[in-house]
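What follows is a short report on a single structure.
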Amino acid sequence: MNPYAKLITSLSLLLGTTITISSNHWMMAWTGLEINTLAIIPLISKSHHPRAIEAAIKYFLVQAAASTLILFSSTINAWHTGQWDLTQLTHPTSCLLLTTAIAMKLGLVPFHFWFPEVLQGSSLTTALLLSTVMKFPPITILYMSSHSLNPTLLTTMAIASAALGGWMGLNQTQIRKILAFSSISHLGWMSIIIIYDPKLTLLTFYLYSLMTATVFLILNTTKTMKLSTIMISWTKTPMLNATLMLALLSLAGLPPLTGFLPKWLIIHELTKQEMTVAATVIAMLSLLGLFFYLRLAYYSTITLPPNSTNHMKQWHINKLTNTPIAIIASLSMLLLPLSPMILISV
């Protein structure tokens, strides 16, 4: 990709995200989302492979439909109340439309159909952007309008997302699709708590982004795309694969790793809100996700292929990504002891 084109798309992504997260007016928030959508499309389709072009078209159509719904929702609300403020969404139809639109933007069930396909058609770095940076503006809109959302609809979609994310990830062999269903499952955890404790949703999103970035950067370094190649990568980079295993277990939410913190806090908050049944169901559904994370971890470190490659193990890789991987991998595993400090700030 042309360096100037890459610079323009990167700056547009930054601009779009900044506009959305700092705006109070619905039109500005919508503008930021549109800039983001248009900026990521060249990055998805840059390989010119038919799969990438298909992914870009699917992404564009879904995001355009979601943006239209956001505009429609805010217009109806302005028509009835005279308010264009993000926090003043009070009309019931507008609230319902906004919940649906943000669910489409994020890829919550039943609007999840596009997300695994788009991730599968993208490169690993673009897939990382789609899983983390592109989710930030819609999560911010949810955060700003959390008091006006439809609780029943949101809880239903959240539990369905946790169920489907875990269930559909079980039989996948492509790592990007597994991580896409993992993302859908995590979004279910974020959505169920947004009405009761919006700051906890943001904390969950930050920690999820940290862990997902670790996994994607390691996969990008080892050039691993599917389960059959992750087995061979152990013989090349044992230290990176050991780190990948810990990052995956952190994503699964096993103590004493960082990923346990958001799940623990969400279950605690749901119990305080007398939603014990929802907390029990979503905790049980996380076991589905645990199964495929364990399978990935098993393939990455414990399983050796019968015909392993006969060359020297690379204990040191001469790449610039080493330092970022080291920093975010440490954070994605070791933040649990800092939980009292995080709880005070939240």
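Backbone N, Cα and C define each Cβ position, glycine as well.
In TrEMBL this protein carries:
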{"type": "DOMAIN", "residues": "23-288", "note": "domain 'NADH:quinone oxidoreductase/Mrp antiporter transmembrane'"}
{"type": "DOMAIN", "residues": "290-343", "note": "domain 'NADH dehydrogenase subunit 2 C-terminal'"}
{"type": "TRANSMEM", "residues": "56-76", "note": "transmembrane segment"}
{"type": "TRANSMEM", "residues": "96-115", "note": "transmembrane segment"}
{"type": "TRANSMEM", "residues": "152-171", "note": "transmembrane segment"}
{"type": "TRANSMEM", "residues": "178-196", "note": "transmembrane segment"}
{"type": "TRANSMEM", "residues": "202-219", "note": "transmembrane segment"}
{"type": "TRANSMEM", "residues": "239-257", "note": "transmembrane segment"}
{"type": "TRANSMEM", "residues": "277-299", "note": "transmembrane segment"}
{"type": "TRANSMEM", "residues": "320-344", "note": "transmembrane segment"}
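Contact between the transmembrane segment (239-257) and the transmembrane segment (320-344) is supported by 3 or more Cβ pairs under 8 Å, counting only residues 6 or more apart in sequence. Simply put, out of 152-171, 178-196, 320-344, 320-344 has the most Cβ pairs sitting under 8 Å from the transmembrane segment (202-219). Under the criterion of 3 or more C-beta pairs below 8 Å, with sequence separation of 6 or more, the transmembrane segment (277-299) and the transmembrane segment (96-115) do not qualify as touching, having fewer than 3 such pairs.
For the domain 'NADH dehydrogenase subunit 2 C-terminal' (290-343), the model's average pLDDT works out to 74.
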